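> Taken from Swiss-Prot, the feature active site, proton acceptor applies to HIS173. Annotation comment: Swiss-Prot describes VAL12, ASP33, ARG38, TYR63, GLY77, ALA78, ALA116, THR117, ASN118, SER141 as NAD(+) binding site. Under the heading substrate binding site, Swiss-Prot lists GLN80, ARG86, ASN118, PRO119, VAL120, ASP121, ASP146, SER147, ALA148, ARG149, THR228, citing sequence analysis as support. Residues annotated as beta-D-fructose 1,6-bisphosphate binding site in Swiss-Prot: ARG151, HIS166. Per Swiss-Prot, the feature phosphotyrosine maps to TYR219; the stated evidence is sequence analysis.
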Amino acid sequence: MNRIAVIGVGNVGMAFAYAAAIKRLANDIVLIDANAARAEGESMDLADAMALVGPVQIRSGGYEQCEGARIVVVTAGAKQMPGQSRLDLVRVNAGITRDILTAVMQYADDPLYIMATNPVDVLTHVARTVTGVAPGRVIGSGTVLDSARFRGHVAEILGVDVRGVHAHIVGEHGDSEVALWSRANVSGIPVAEMCARRGIAYDAAFREKALGHVRHAAYEIIGRKGATGYGIGMSLCRIVEAILHDEHSVLTVSCPVAGHYGLGDVSLSLPCVIGSDGIEEVLDAPIAEDEQAALAASARVLGEHLAAL
């Protein structure tokens, strides 16, 4: 039996739970929240939907329901408000994360932890410290969504199917994230060359506009509807799918990166091979000097916030 425990039944938690249930990634999904009535209501609603899909058990309960869970997905935390940086949330959500993981560990036997609560890079590092598990068994959602936005934007500009675009956002899931233009390509053809073929100026303004689109996307959504949900929910689903199907897929998840690219003891996103045991390998391919410098700057930002805890 594959059991997934979802901690937090807000927009993100339920978007993930719905996507995971529809994809039938597990036959037992447990919803846990400080608001037990809300969790029960969400489980009842989602269970009704599953009657039209297939035999997926949806239920709610306390932390004791984490027993036997293969994967624990943590989405609970203080809500990001309009205009508020993800890193502004650090102290409040670090405390919440510690409490949640301490409770989970009383019942769960060495699950994989998937972190989504913001600031996700800082809290992924906190989770690794609290749980004491192997580094690859605590995975932050990181820039999986940012990379998807990046690929989608590039695909739209170039007029190609997004599935042929290979491009990564690395570093912090937030304002200091870095676009790896030096590695970006369309089925092996560098984005710079694709732009030239289409008469598009591949200059600093072009690159800054594209990265700005990615960086500001969440703020634009929050400003209009108050929160994000579907994008990050599906990103979490993609990570869990890669684990449960042992895909060895490459995703830009947040993980401890000490020693990679000369970085210190922080967690941030780099392309990682994801399989049944979590993160199997961190891929640190050669990147441009300016990208290396920007990645180091992103790591310093996160290091400062970790030091402030």
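Note: Cβ is positioned from N, Cα and C throughout, glycine not excepted.
Map the listed features onto the structure and describe their local environment.
For HIS173 (active site, proton acceptor), the count of additional Cβ atoms within 10 Å of its Cβ stands at 32 [all protein chains shown].
In sequence order, VAL12, PHE16, VAL73, VAL74, THR75, GLY140, SER141, ILE232, LEU236 constitute the residues six or more apart from ALA116 (NAD(+) binding site) in its chain with CB-CB distances below 8 Å.
The C-beta environment of ASP146 (substrate binding site), restricted to residues of the same chain at least 6 apart in sequence and closer than 8 Å, consists of ILE169, HIS173, GLU177, VAL214, THR252, SER269.
Of all Cβ atoms in the shown protein chains, 21 besides its own fall within 10 Å of the Cβ of ARG151 (beta-D-fructose 1,6-bisphosphate binding site).
Other C-beta atoms found within 10 angstroms of the C-beta of TYR219 (phosphotyrosine) number 17, with every protein chain shown included.
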> For a quick check of packing: other C-beta atoms within 10 Å of the C-beta of ARG38 (NAD(+) binding site), how many?
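Excluding its own Cβ, the number within 10 Å is 15.
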> Rounded to an integer, what is the Cα-Cα distance in Å between ASN118 (NAD(+) binding site) and THR228 (substrate binding site)?
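So the alpha carbons of ASN118 (NAD(+) binding site) and THR228 (substrate binding site) sit roughly 12 Å from each other.
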> Listing them in sequence order, which of the binding-site residues ARG38, HIS166, THR228 have their Cα within 10 Å of that of TYR219 (phosphotyrosine)?
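The binding-site residues close to TYR219 (phosphotyrosine) (Cα within 10 Å), listed in sequence order, are THR228.
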> Of the binding-site residues listed here (ARG38, GLY77, ARG151, HIS166), which is spatially closest to VAL120 (substrate binding site) when Cα positions are compared?
GLY77
